[in-house]
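Participant: Got a structure for you, questions after.
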Amino acid sequence: MGMKALFDLMNHSPRPFALFGDMCTNVNEPVAMASKFWHLLHLSYAETHAKFASAESHELYPTFFRIVPGDRNINSARCNLVYHFNWTRVGTVKQSDDPRYALPHETLTTKLEHGYGIKVIYTAGFTVDEFENVAVGLAELKRRDVRVIIGDFDSELAVRVMCEAYEKGMFGSNYVWILPGYHKSAWWTNVEESNCTVEQISEVLEGHFALEFASSRPERDLTLLSKKTVRDVADELFSVCSNHDCNSSVYGPYVYDGIWTLALAVKRSLSVSSDISHDLLLSAINNSSFDGLTGKIRFENNERLGLIDVYQWRNDSYVNIATYDGAADSFTLYSDQLDGWKPPLDSTVVVRERQYVSYIIFIVAALLSMIGVCLALVFLIINIRYRSHRFIKMSSPNMNNLIIVGSIFAYISVILLGLDTRFVNPGNFVKLCYAKTWILCVGFTIAFGSMFAKTWRVHSIFTNIRMNKKAIKDSKLLLIVGSLFAVDTIVLTLWAFFSPFKFTVSSQYTQYAESRLIIPELERCHSQKSIIFQLILFGTKGLLMILGCFLAWETRHVNVPALNDSKYIGMCVYNVVVMCVIGVSLAFILQDRVNEAYALTSFFIIFCTTLTLSLVFVPKVVELLRNPSGCEQRYRKGMMKSVVGRNTTNVNRQLSTRRNGNEKEHLTRLEEENKLCQKYLHEKSSQLWELIQQLTKLAHYIPDALDKEELGLLGNHHGSNCLNSVEKQTLLSATASPSIRTSSLTESPDREAHSTMVRHRNEANWPWLDPRQPTTML
């Protein structure tokens, strides 16, 4: 019908020099193609199809113009919108079987990537016949973490697409959709062909953007060429439309501007020539530039550069939040209309957060460590200043000094453990790692090794029941600590030589928070064979603690005045072992949680070290305050000079136990003690009997002139610590006997008889009949 009307019009005279219309693309396309053969200007007030803006459109429709803005303006507005909110990643969804949406979509993706540097991650295409591809495309967009999605599809399919988005969860504050403006009210209510309700579709659409050409310009008080304001002309058109069927009233302002455009083009053409020239008319309309009802009227390549309104769906209605002016290529955002809305991120942002120890935790730990160092120095000064004091001298002050030095190292390690690249540069961080390892390891070895050595000495003394014991001097204890230190030195040196530290940053577990993927990073000193050397160190330290616990348990009942701190040293050993086991376990479990691991490690080191120092040195300070001179005798005197007294004292020390158990344990302990006493008494009785036998034999060789007083002096000289009064009397009786004075070797039987008589006579003086059966009468 359109072509027939065109031919009928061209067959009548005078021929028209311009055509104005139409709305339908199936009419405009053939008419526009035929108009070029008559050089006939064709101006449409409603044509928006993308084919008239394609690459070959200038050849196919050279005389076709449209006053309504086309997809070129829509795409520019979309790009500006995306660019304004700093979105750099987008995804698209297009209807592939409709050129109205497929053609401009290709131009859009090219313009986004090459014109604005916005990356199009993925384009999901679908057709009416294969609509199920929408679900696959949206799933892929979601898998690729696309949050900004631009859609190009018909309004009838828009509801179905939004329903799929609802089922995929692609809506809410983390997603934003940019859709075409359909100039149709309540299009989202057509849910008959979808599986969603109107409420669900409204939920998906909340916050989305829609772009469409503006129905009129926003400057309502601007005066136009008709000497009327924009408001007056718009009201006049509305009043006319209110009396008629105005389903297409959105195009009314463009009809108004189209007539003015033709009129001005004819006027310019006539100003040049009295005859209307087709070339002059085409040139005049291309150079048009005036303020119209729908904005600035300008053309470029037969395309109108007009106004595009950007709407946002807020609370079940559209709100105009921005305007794009194609003539000026400007984008104006009405910020007041966006109050309460926060643009989502275009993707899950990967945030790498370097994990550091909290300043508050570090400062508190450092202050406590410094206080501990000061406390240790005070104890060190006291220990050196009063090393000659009886109470301190008896507790091995040299070993106590080593305990203090190791404790100071432990306090310093707490500060070093909290240092990181905020305080030292990465180049020196490796040196810091070596310092942490050496100081903590050596400090533990010196402090615990000294306590272990003192506990070993107590154990050695009270498990050795030999008659003659050698004193265990401090030099042996220092040798033990030196050996442990040498082991640490060898292991740490081999570690540094074969598997040196390297500064690394390791990524830990990820966290999601408001479209952000937070990846914590930890600064570490990595060593390829660190696990081997750590096992060696932990093995040696663990074995040392196990032996320390064993010795402390074996000597748990020892309370010897000469070793006045043995009890407290045992308690320190228990304290160190328990704290180390708990602290190392928790530090290993929480090694990825910087603050928690550092806080717990610092707490256990400070608490354990402070408790150790307090147990060892606070009693000494109290004693110094109570007895500054150290002259007061608080303890039993030394061992008796006699062999019996000396060994009896040793046995009493060995059997000195606390009687705080239950009755059964107490009875068992008394039985064991009784057996040990009987064994000891039997040994000493046998020794005494042998001595008396030797003296009996010695009496045969003593001259007769030796009187009893001299013999008594001889006895006092040789065995003052071994013979009692009974023994002396026996010896004198044996010496005075006539049978013993007989010295002839030939009278051996008689001597044996006399000896037997003497022995039986002496046995009568013993408090028991059989020396092998001792009683408590001794």
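Placement of Cβ uses the backbone N, Cα and C atoms for every residue, glycine included.
Straight out of TrEMBL:
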- 356-382: transmembrane segment (TRANSMEM)
- 368-629: domain 'G-protein coupled receptors family 3 profile' (DOMAIN)
- 402-425: transmembrane segment (TRANSMEM)
- 437-456: transmembrane segment (TRANSMEM)
- 477-498: transmembrane segment (TRANSMEM)
- 531-553: transmembrane segment (TRANSMEM)
- 573-591: transmembrane segment (TRANSMEM)
- 597-618: transmembrane segment (TRANSMEM)
- 735-747: compositional bias 'Polar residues' (COMPBIAS)
- 735-759: region 'Disordered' (REGION)
Participant: Residues sitting near the transmembrane segment (402-425): Cβ under 8 Å, six or more positions beyond its termini, same chain?
Facilitator: 354, 356-357, 361-362, 365-366, 368-370, 372-373, 376-377, 379-380, 383, 432, 435-436, 439-440, 442-451, 478, 481, 523, 598, 601-602, 605-606, 608-609, 612-613, 616
Participant: By a Cβ-Cβ criterion of under 8 Å, what residues six or more beyond either terminus of the transmembrane segment (437-456) are in contact with it?
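Facilitator: Residues 396, 399-400, 402-403, 405-410, 412-413, 416-417, 476-478, 480-481, 484-485, 487-488, 492, 537, 541, 544-545, 547-548, 551-552, 555, 565-566, 569-570, 572-573, 576, 580, 609, 612.
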Participant: Using Cβ atoms and a strict cutoff of less than 8 Å, what residues sit near the transmembrane segment (573-591) while being 6 or more residues removed from its termini?
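Facilitator: For the transmembrane segment (573-591), the nonlocal Cβ contacts are 444, 447-448, 451-452, 455, 538, 541, 545, 548-549, 551-552, 597, 600-601, 604-605, 607-608, 611-612, 615.
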Participant: Just to confirm my parser: what is the rounded mean pLDDT across the domain 'G-protein coupled receptors family 3 profile' (368-629)?
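Facilitator: When the pLDDT values over the domain 'G-protein coupled receptors family 3 profile' (368-629) are averaged, the result is 82.
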